[in-house]
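Undergrad: In case it's useful when we look at the structure, here is the feature table from TrEMBL:
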type     : residues       : note
SIGNAL   : 1-23           : signal peptide
DISULFID : Cys33-Cys48    : disulfide bond
DOMAIN   : 59-208         : domain 'Cupin type-1'
BINDING  : His110, Glu115 : oxalate binding site
Amino acid sequence: MAAAALLLVAALVALGSGHGGEAFDPNPLQDFCIADATSKVRVNGLSCKDPAAVVSDDFFFAGADKLRDAVNERYGYSAVTVQIPGLNTQGQRYARVDLALGAIFPPHYHPRAAETAVVLEGSVYFGFVSSYPDNKLFSKVLHKGDVFAVPQGLMHFLYNNGTAPAALYASLSSQNPGLVLLANVLFAGALPDDLLAKTLFTDKHTVDSIRANFRRS
């Protein structure tokens, strides 16, 4: 009986501390799993290349200090993923984000990741909003060297209201954090016009006018 009780306690502790109850990526089962981009097999991450073929460059990325031109014409930002094959299965993703003067990274959230970002250049207004019913805004004007954190799944935004282009280096707590742009979900998707009109306390004509902006290339 004592042995059975001990096994039961051990099982409950394992369940409570295991990744099944967590919202982050599971721990890797080996030192590293260098992403094999040529493989068509998809597991929790990408398939691993032969460990004997692993080299130092698999853990390296050059150019994170380089300013990028804004590639999103609508909002004026550029987000470039830091491609490091050695991060495969490590539960992390990094990106450099550049914002032209006056540009925004519009309200969005990452369903599978928390985010921490450090300002490399310029200054930005950075904030997030807590969940319903509080909907409380937490925000700061950040300058070079400042760091701001966003809890997992909460809506956040960036706004370059400074006097020069800005750049940030962002760290996300999942290999596949996901990205949901709120305006795109509402107006670029297939939600019925009357549903949106009732949700936003407006009329279908206003909804159609806004949607027209999202249909333009």
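Cβ coordinates come from backbone N, Cα and C, glycine included.
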Undergrad: Would you pick out, from the disulfide-bonded residues Cys33, Cys48, the residue whose Cβ has the largest number of other Cβ atoms within 10 Å?
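TA: Neighbour-count leader: Cys33.
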Undergrad: Going along the chain, which residues six or more apart from Glu115 (oxalate binding site) have their CB under 8 A from its CB?
TA: Ala149, Val150, His156, Ala170, Ser171, Leu172, Ser173, Pro177
Undergrad: Between Cys48 (disulfide bond) and His110 (oxalate binding site), find the distance joining the two CA atoms and give it rounded to the nearest Å.
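TA: Here the two Cα atoms are 26 Å apart.
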Undergrad: Starting from the Cβ of His110 (oxalate binding site), draw a 10 Å sphere and report how many other Cβ atoms land inside it.
TA: 23
Undergrad: Helix, strand, coil residue numbers for the domain 'Cupin type-1' (59-208) per DSSP?
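TA: Counting residues by DSSP class gives 22 helix, 58 strand, 70 coil.
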Undergrad: Cα of His110 (oxalate binding site) to Cα of Cys33 (disulfide bond): how many Å, rounded?
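TA: Spelling it out, the Cα of His110 (oxalate binding site) and the Cα of Cys33 (disulfide bond) are 24 Å apart.
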Undergrad: Please work out the mean pLDDT for the residues of the domain 'Cupin type-1' (59-208).
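TA: Result for the domain 'Cupin type-1' (59-208): average pLDDT 94.
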